[in-house]
Amino acid sequence: MAQVAKKILVTCALPYANGSIHLGHMLEHIQADIWVRFQRMRGNQVHFICADDAHGTPIMLKAQQMGIEPEQMIAEMSQEHQQDFAGFAISYDNYHSTHSDENRELSSLIYGRLKANGYIKNRTISQLYDPEKGMFLPDRFVKGTCPKCKAPEQYGDNCEVCGATYSPTELIDPKSAVSGATPVMRESEHFFFDLPAFSDMLQAWTRSGALQEQVANKMQEWFDSGLQQWDITRDAPYFGFEVPDAPGKYFYVWLDAPIGYMGAFKNLCDKRGDLDFDEFWGKDAKTDLYHFIGKDIVYFHSLFWPAMLEGSNFRKPTNLFVHGYVTVNGAKMSKSRGTFIKAGTYLKYLDADCLRYYYAAKLSSRIDDIDLNLEDFVQRVNADIVNKVVNLASRNAGFINKRFAGQLADQLADPVLYKTFTDAATSIADAYNNRESGKAIREIMALADVANRYVDEQAPWVVAKQEGRDADLHAICSMGINLFRVLMTYLKPVLPSLTERTEAFLNTELTWDSIEQPLLGHSITAFKALFNRIDLDKVNEMVASSKEDMAPATRVTGPLADDPIQETISFDDFAKVDMRIALIQQAEFVEGSDKLLKLTLELGGETRQIFSGIRSAYPDPKALEGRMTVMVANLAPRKMRFGVSEGMVMAAGPGGSDIFLLSPDSGAQPGMQVK
């Protein structure tokens, strides 16, 4: 009995329309595209959509800095984004914008239903206000000194040095990041979405299979701490949709951003005329809805979004597929090192299929981070795609074209071996379907090794020189071409450009259901180079170009310029600080935090536990173990969400991945005082 085709709607998280797409973004779009292409190969009806997230204060301010209207900026950015995604062969059916008529109508509809159902609450709040710009300031547009560790130049929501979270009103000496003015407190009435009203529904949905176990466990922490009402409005000036019947109030960007999924699909429905919007978004929809997202936006997609849909009588997602971050060469992407690589820059130097393959080989259904090690990237692509797969075709095609007029043999040389290859279709399909592309790639490459071993053992280059063995040569090389065809069919979701060239060479379409029947008596075309080996020099040029792309303007920079020396203190004040040499006995990740490491320090007879916001700079915490450092030993213990921190390690640098732990000279011992 034939399997009934599924109707599936797939989305990727909406890129923010104030910057270029980079290789971190591309992980998600490539992962989703591989899954979509596989589903289409299996006969399912898939609609794949995305859009630019085009609202919010950052876009409004950046457009002002550029001297243009926000509408012009987001239009130009949308064109750039779509060009980048096309360059990576991301097969979107529609790419739209949240700044659209469809999104405005749907946002107003959902808000109206939530309000009518009693889920919108009004409350007066106090906010920081920029008196020079005449605007309320979002958390990230306020900077000041951390109220916990006293680190300067920290954002209004959390400290990148000690990891503390707080409200912008707690900052010491806060300044507007927009004008530099000292903000003042002002009151404003805001509208809130009553998220706690959906707690029971969300807890049931969490454990329904809609989320990966890691995500469901994280959500349980949020439930345990209690859900809070969500502020869904912002005050003018703001670039976005004005709230109906509330002049001067605008929907917060995170309200209309996920509704952008619906708006993009509605736009596709209107374009085509053969799609039913309600079939995919109606309360009782039987179709499948999947969101591919990064772990940084799980909170919005696993709490607010399903609650908004439930409260406005729309369906909830079938699944959220969450992935981790991308690091490059074991560290956070860096503009100064040239590893913050834009998608457009990559495409100037390298084939998109190379990155698609490398990401596919590393991806799984878990939310682990993926490291793009550039040397390994070159070696793996060259070894797997060029040496194992494409080489299989080139080793056999020449003989078929020259000796047999491009026609394959009428029979298979080794039907048993061929069946081994086609039998693997089930397990490879399961891996793709479960988003275990790394597992699929490993199985495909194992088959490629078998195919090349067959050719090595049969040695067609030797047989070709032996008189009277034309039939053997024909059979061997035809077998090699047929094995190549099976491998490329399995790789089709990953390598669309190579697939297109392969189909032209084999003179046939690669389909999952056709591999059971080998190509017998079939004519192929003249072989042309299908794939070029990656040149490490090209990778180095790409990195160098990324440094130039991200180079700052002519402003003078440096440690003192970026972080001026603070006010003079007395010697007595300094003498109160007790700094000691410490041995890092153990370093480990802190579950639930993307910024902190937990350090166990030995002070020569005393052990301390410290939480330090250095994870981005030290992605492999084990590398710190056994190292000497300097700590503030008499800092009052501070209770954090993850435990008690008993001091502070000393480090230099601006923050993020550019943090450098201090180390003493040789001879210093744990417990020694730094004087």
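Glycine too: its Cβ is placed from the backbone N, Cα and C atoms.
Matching 187-191, 217-221, 332-336 against Swiss-Prot, the residues noted as motif ''KMSKS' region' span 332-336. The feature motif ''HIGH' region', as given by Swiss-Prot for the ranges 15-25, 114-124, 169-179, sits at 15-25. Below 8 angstroms of C-beta separation, residues 22-24, 326, 546-547, 550, 616-617, 619, 656-658 of the same chain, each at least six residues beyond the ends of the motif ''KMSKS' region' (332-336), sit close to that stretch. DSSP assigns Cys162 (Zn(2+) binding site) to coil, not to a helix or a strand. According to DSSP, Cys146 (Zn(2+) binding site) sits in a coil region rather than a helix or strand. Sequence-distant contacts of the motif ''HIGH' region' (15-25) (same chain, six or more residues past either end, CB-CB distance under 8 Å): 50, 52-54, 56, 58-59, 62, 73-74, 77-78, 80-81, 84-85, 97, 325-326, 328, 333, 340-344, 346, 355, 372. Each of the binding-site residues Cys159, Lys335 was ranked by the number of other C-beta atoms within 10 Å, and first place falls to Cys159.
Ranking the binding-site residues Cys146, Cys149, Cys162 by other CB atoms within 10 A of the CB puts Cys149 at the bottom. A distance of 27 Å separates the Cα atom of Cys149 (Zn(2+) binding site) from that of Lys335 (ATP binding site). Counting residue by residue with DSSP, the domain 'tRNA-binding' (573-675) contains 7 helix, 47 strand, 49 coil. Restricting the average to the motif ''KMSKS' region' (332-336) gives a pLDDT of 91.
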